[in-house]
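What TrEMBL says about this protein:
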| type | residues | note |
| --- | --- | --- |
| DOMAIN | 17-149 | domain 'UspA' |
| COMPBIAS | 151-162 | compositional bias 'Basic and acidic residues' |
| REGION | 151-170 | region 'Disordered' |
| DOMAIN | 184-319 | domain 'UspA' |
Amino acid sequence: MDNDSRTQNQPAAGHDVVLVGIDGSDQARHALDRAVEEARAHNLSVRLVGAYPVIGVGDPGLEQRFTEAVTKENAEHLAEARRVVEDAGLPVETVEAAGDAAKAVVEQSGRAALVVMGKRGRGGALRGRLGSVSAAVAAHAKCPVVVVPEPAEKRHSERSRGGTDYALEDQGPVKAEEVDFSGRVVVGLDALGSRNPALWQAVRYAEEHGKPLALVSVNGALSGTPSWFQDEFNQARYFREAERKLEEISQEIASEHPGLTVEHHIFVGRPGRILMNATHSADLVVVGSRGIGGFRGLLLGSVSQAVLENAAGPVMIVPAHPA
């Protein structure tokens, strides 16, 4: 990496590392705690990345004083985080980078199994909003990214209520916000079905953490479609087909992961809002960085963006083509 310096303690090799961005904020501390949990669960090392800004004001003396101040502060944040990881008994390394924080993390992500980021870093003033660094990392990282909101957000944020979203459960239609995913890993599926990398990342995560897996299929196409398509017959036909596909995916998972508990849910409504509501109860919600209709030029797909913006719990973003 250009303009970076590194201090290391038992550096990890290859992809056997959890990467976490450190900036001294409370959000970064919550992300660090999650990174330690993930590293312990997966027998991985932790790599801490701290970046400091660079200025050019035409005054060498001022630039030097500024650089000395921000590098000192950055080193202190990394040292504090390193002590947390060492106290947890995990191998740790630190990376100090000059310049853009998102770029530093993205460059390191090609050599990591997982990136963990706080939802917002320092300067994130609006509760619930996604920080620019976290958004850029989620969009461009070469490995899965878990974005962690503050625990307080689950207490203060509200589910999206009063909409037309609903789930088809055994007992009949249920309002989407009333579906409880407690203790589960939830993965949102699209038309890629079992070819979606997010599905298999969620499968591995659920299996390794001993959690049930909930497959969520959302049909957002019925709203705004011609009335003939929305009649009872055609809706029933659509849901029979969705049920068949989900059963096939469940059987495929069971054949390769027989010990994993898998359930599935069919929703009607807006996918982003439905999966955002799931973050209020699920242990983790997993989505792809872009859906099947996503343009390569987009930073994030509309669904993943909507989920991240208002998530009350951890969300994993899985790249379409992991490194």
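Yeah, the Cβs are placed from backbone N, Cα and C, and that goes for glycine too.
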Take every residue in the domain 'UspA' (17-149), average their pLDDT values, and give the whole-number result.
89
Secondary structure content, the domain 'UspA' (17-149) (per DSSP, counts of residues):
63 helix, 29 strand, 41 coil
